[in-house]
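J.: Sharing the feature lines straight out of TrEMBL:
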- 10-301: domain 'FAD/NAD(P)-binding' (DOMAIN)
- 486-533: domain 'BFD-like [2Fe-2S]-binding' (DOMAIN)
- 625-686: domain 'Nitrite/Sulfite reductase ferredoxin-like' (DOMAIN)
- 697-837: domain 'Nitrite/sulphite reductase 4Fe-4S' (DOMAIN)
- 366-401: region 'Disordered' (REGION)
Amino acid sequence: MAEKTAERKTIVVVGLGMVGIAFIEKLLDLDTAHKYRIVTCGEETHLAYNRVALTEYFQHRNIEKLYLNPADWYAKQDPALFSFHVGETVASLDHASRSVTTDKGRTIAYDHCVLATGSDAALPSYTDLSIPGAFVYRNISDVNKLLEYAEKGEMKDCSAVVLGGGLLGLEAAKAVYDLPSVKNVTIIHRQAFPLSRQLDAQGGEIVLRRIEAMGVTFLGSTSMKRVITNDNGAVSGLELVDGSTVECSLVVFAIGISPRDDVARTAGLACAPRGGIVVDDHLQTSAPDVYAIGECASWKNNTYGLIAPGIEMADILAFNFTQARTEIGTFQLRQMNTPDLSTKLKLMGVDVASFGDYLAEQRIRTTASRPAKEGPVQEAVASAATKPHDASAPKKRHGAAAAADGPVEALTYRDPFAGVYKKYIFSADGKYLLGGMMVGDTSDYVKLVALVKKKKPLDAVPSQFILGSRAGQDDSGADLDDDAQICSCHNVSKGRIVQCIRDGAESVADVKTKTKAGSGCGGCVPLLTNIVQAELKKAGVAVSNNLCPHFAMTRADLFNVIKIKKLKTMPAIMEAAGTHPNALGCEVCKPAVGSILSSLWNEHIMDPAHHANQDTNDRFLGNIQRNGTFSVVPRVPAGEITPDKLVVLGQVAKKYGLYTKITGGQRVDLFGAEKADLPSIWKELVDAGFESGHAYGKALRTVKSCVGTSWCRYGIGDSVGLAIQLEERYKGIRSPHKFKGGVSGCVRECAEAQGKDFGLIATDKGWNIYVCGNGGANPRHATILATDVPPSRVIRILDRFVMYYIRTADKLMRTARWLESMEGGIEKLRRVLLDDELGICADLERDMDELVGTYFDEWKAVVNDQERQRKFRQFVNTDERVPQTEMIVQRGQTRPADWSKDTAPLVLRETDIASPKEQWQWRKVATVHDLTPTDSGTTTGPMHKRNYDLTSGACLNDDSYGIIPFQVRVDGEDLSLLLPDKGDLDAVIGTSKWMVRQATTELLSKTTESAVEIVGPSDAILTGEPQACGSGTSCGGGKLDW
């Protein structure tokens, strides 16, 4: 009775060789949904073993050392998912009844059948393996027979011949050479030099020298005619085609392979004339649901005797069974492409490798030497030249494709003394590496194969691949001249920074204070930090990586302390880990602690316990703009948006007079929102199904995507579906710095994924994962972390990456700088995230699952909380609003008037107020309930991040600025300030007084006067009239006392 399990589909694998077990392993690994049950039969009595290592078996004679998986691996498999039968051969296939029958009478029903029957040794027509002393070299049984015969007493000091000087022939020759009973070994080969399919004559000559140095005889450019036998009918010699003879007692045939397609032929499946089961690009045979992989398969009339193409076929088929449709979307079925025939082996004690189109020079030379045929072909070409252009015709090939078809140049290195030969084939312009061969030294093999596969222009001149290049330099700025501009905002050169260190500065903060470098946009801070640390090291000053003076540890260490001790507020953290338990923190550590708390516990950042830790953008859940208004960026996962939602965005923008712009992250940015309007704007967006896009936070911004398989005819992967899932998963997650993602559905890379903190690009084998790229002031191309990742594995690898970055990066460190500063770089990151070198992958995944589970929409939380909404008033003691900048119309939209680039610093003093302080009065201005109380004695200007002492009004990190502090008195719930009359106060600090207007900005910019002070202290300043000193006004010849 046929075996069949109803719950799952059954896949019968015919053959338990290297390719068969590879398919089984891959399917079990990828079939996380447990959709399939695998049944396999292997004709050998052994479990799957490494046939490539047969030579080693001659030494240890232990088959278990060759097993690809130990016996207990089979025992540990769930029998409901995998069962196997060894020593049992599938004798027939009935694709009509969808079943196979074994030589033991077992019939197994299947839903899918995979033929992995391998190959037999190819033999000349005159060969008779029944002759004693004649052997092949294919499997353990063949080797055991050879060993048994060679160990007979009469075989002592015998001579052996190996027929074939290719890969298999040299493997067999080495095995026979190591037999104690064999005295002499001869290799007979049709070509003039060994490995003629992998090497050219010069490379083959190096191998030949090494072979002959071992005492092995090589007879090239000849072949065998017949086997000579003695009176006992055993092998005694060989006759060659030239009539000469070679004495021997052993002959091993290793001239090639022949696909095993007998079961398929008997079943009526289509087979190739030269042997092999015909398969299409998806490896399906002529019978439905029957597939063939490995050496038995004939794809486009080619069969492959190397293991790599067989493993590739197993990979393709397992992928198509399990990954074409998963929970993260669909993926185009993988197809068979021309396989990579690169090989790297140790043969006869010699390291040999070939990769890419290693015979391109010979191939092109042969093609070029063929004479052109006269007749119809030439006439057709001439006719085609007169036809009009056809837009649907194949396009001209460019890049690597064109280079592969065009002229080539070769670089050759030959060292006969060391037995080293290298030949690398490049395109004629030197931009592409096409292939090569190596003998003796194959250390660069992996790197060069990768370069060929990438098919991208080289970033080094060809000579460097032979001669080498000097090691790369770090990003310490050591190669920059002293006049190189480091900070463009304040025009600070490297020389000025260096001099600042020499003058006594001991930290980045010191340099910032003295030079203003890094106090503008902040884009130069990473390079500034590196230069300062390098110069401090030169000066013998110990460089500290502490978070700030309040914490004598790095951000990563503080993260672990907070996590392990489960600390949830700034006071608790300061008490447990701060240098001063009662300290309040600073503008460096407070945002860093706020980020860590959000990354661990994800409580709302507007909660009283956390609000004071946030930067301005986070405090009000929007990006503050140069006129004090905010931008609103709702989340649009992967850039996919419905027409209805687009209409809502337009309606909200019109209602609140907002400037609209499409962002580079495929979202719509609404600029000019007044702080008091933010909750109302959010409510309308939330009601329409939008959420916060977190454009204001050090968090995930966007996951950009192309249209992928949704629309694009080139799409391979569902880039939109995957990007949406990733953005929905990581939305709201706080990190050391902002991070972005990108997903491209094919190698055309329309989503620019290689410029993102994490990026995915679909290939025909899965997803390539790139990490640690970014744009900005210091752009960095992303580095590939993993290639051909199955769709079902992508999210877990990214979970590990993001969480490891959150755990270990320094404050305000982008992923690019994080990787650059990581000891061991990308290789270290691969070991941690892919190989689980630290044993933390499960922890990283669990932490991410917990963090993702805490998500809530921060905008919606404000919309539903009247108390939080009170914090969005422009003034805490009134609902009145006063514009701060004139709005102008440009290209049909409103925007703030320009603020002159020549803006000068400003120090406001109490003496600027006309009335003397003794005339001031206590005036009630607010209640305690109106404010968010803080124990801090400083405040930070939201737009310029300058700290001011609330007692003196002095700017603590820039003495070019100052504010006027006023005394405060608390009477129960009432707050009173000691203030002058309203008119005197408004004359100095009135909001309308400092309004920025376009006309006066243009006027002052022309005369290089400050454009900040537009309407005061008096109109006379603008007209150039002389001003008298006194009465609280400032002297300065028509200018403010900046």
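Just so you know, glycine gets a Cβ as well, placed from its N, Cα and C.
Could you tell me the structural context for the features on the list?
T.: Regional average pLDDT for the domain 'BFD-like [2Fe-2S]-binding' (486-533) in the model is 78.
For the domain 'Nitrite/sulphite reductase 4Fe-4S' (697-837), the DSSP counts in helix, strand and coil order read 52 helix, 36 strand, 53 coil.
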J.: As a quick check of your reading of DSSP, tell me how many residues in the domain 'BFD-like [2Fe-2S]-binding' (486-533) are helical, how many are strand and how many are coil.
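T.: Grouping H, G, I as helix and E, B as strand yields 26 helix, 4 strand, 18 coil.
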J.: Could you give me three numbers for the domain 'Nitrite/Sulfite reductase ferredoxin-like' (625-686), the DSSP helix, strand and coil residue counts?
T.: 29 helix, 14 strand, 19 coil
